[in-house]
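The next block holds one structure in the form of structure tokens; read it before the comments.
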Amino acid sequence: MKRNFDSVKRLVIKIGTSSLVLPSGKINLEKIDQLAFVISSLHNKGIEVVLVSSGAMGFGLNVLDLEKRPAEVGKQQAVSSVGQVAMMSLYSQVFSHYQTKVSQLLLTRDVVEYSESLANAINAFESLFELGVVPIVNENDAVSVDEMDHATKFGDNDRLSAIVAKVVGADLLIMLSDIDGLFDKNPNVYEDATLRSYVPEITEEILASAGGAGSKFGTGGMMSKIKSAQMVFENQSQMVLMNGENPRDILRVLEGAKIGTLFKQED
């Protein structure tokens, strides 16, 4: 299927912790600089971009010199709180090199599930677009809870990115991962696994080919990405799942290059 993204005027890009934090726990400065360059280039072309960025926990572990995620929820929230500040500080610094202004929006599920707060969030996004600012979104990990009587967590930022794409009316969601796209089976296990270039619908076969958890720094696995694609389909939009190793590939994707997996319903 030929890809044409010429009509894309509003774009959501999601980047995961594994793309921002090296296996050693150090911050991937080169990757963040490339991402800022790409988003700034798109911004200069008149495309409105929202960046949904994981990484608060990974940055927090780095700042506090901790080797692994704490088991206690309170400490997890504290580490994420420290990491969010460090992450946004770096983003602000790097984007400023390209004369691009950024802002921080921290969301919880209850914000988008209640009409009044959702309207406020939409107004905030629209105002930022009008001001020429790139919103950087993350879940508010320091206060989010996952309890039956008051669940405020999205689950992971794959889902959050699909929700943000719906909230802002994005023409396209690009999800950067540590894998090249959706394969017919797990490429880490099967050498003959084949990359699916195009997925027009989420079938039982597609669901069966997704499995496994995320990295030690993040939470998202392939199943969460498939569920995000389902949400994108429900909103009559489209999504590209691609490897985040080289953020400049985003520019090639928007030019029509067949990189990663395109989730788009047939016309």
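Keep in mind that glycine also has a Cβ here, set from the backbone N, Cα and C atoms.
As annotated by Swiss-Prot, ATP binding site applies to Lys14, Ser177, Asp178, Thr219, Gly220, Gly221, Met222, Met223, Ser224, Lys225. Summarising the environment of Ser224 (ATP binding site), the number of other Cβ atoms within 10 Å of its Cβ, over all protein chains shown, is 21.
When secondary structure is read from DSSP and collapsed to three states, Ser54 (substrate binding site) falls in the coil class. Under the heading substrate binding site, Swiss-Prot lists Ser54, Asp141, Asn157, citing sequence analysis as support.
Residues Ser54, Asp141, Asn157, recorded as binding substrate, reach a greatest CA to CA spacing of 11 Å.
Asp178 (ATP binding site) falls outside any helix or strand according to DSSP and counts as coil. Looking at Lys14 (ATP binding site) and Asn157 (substrate binding site), their Cα atoms lie 8 Å from each other. Put plainly, the binding-site residues Asp141, Asp178 were compared by Cβ crowding within 10 Å, and the winner is Asp141. Cα-Cα distance from Asp178 (ATP binding site) to Asp141 (substrate binding site): 22 Å (rounded to the nearest whole number). Straight-line distance linking the Cα atoms of Asp141 (substrate binding site) and Met222 (ATP binding site), rounded to a whole number, equals 21 Å.
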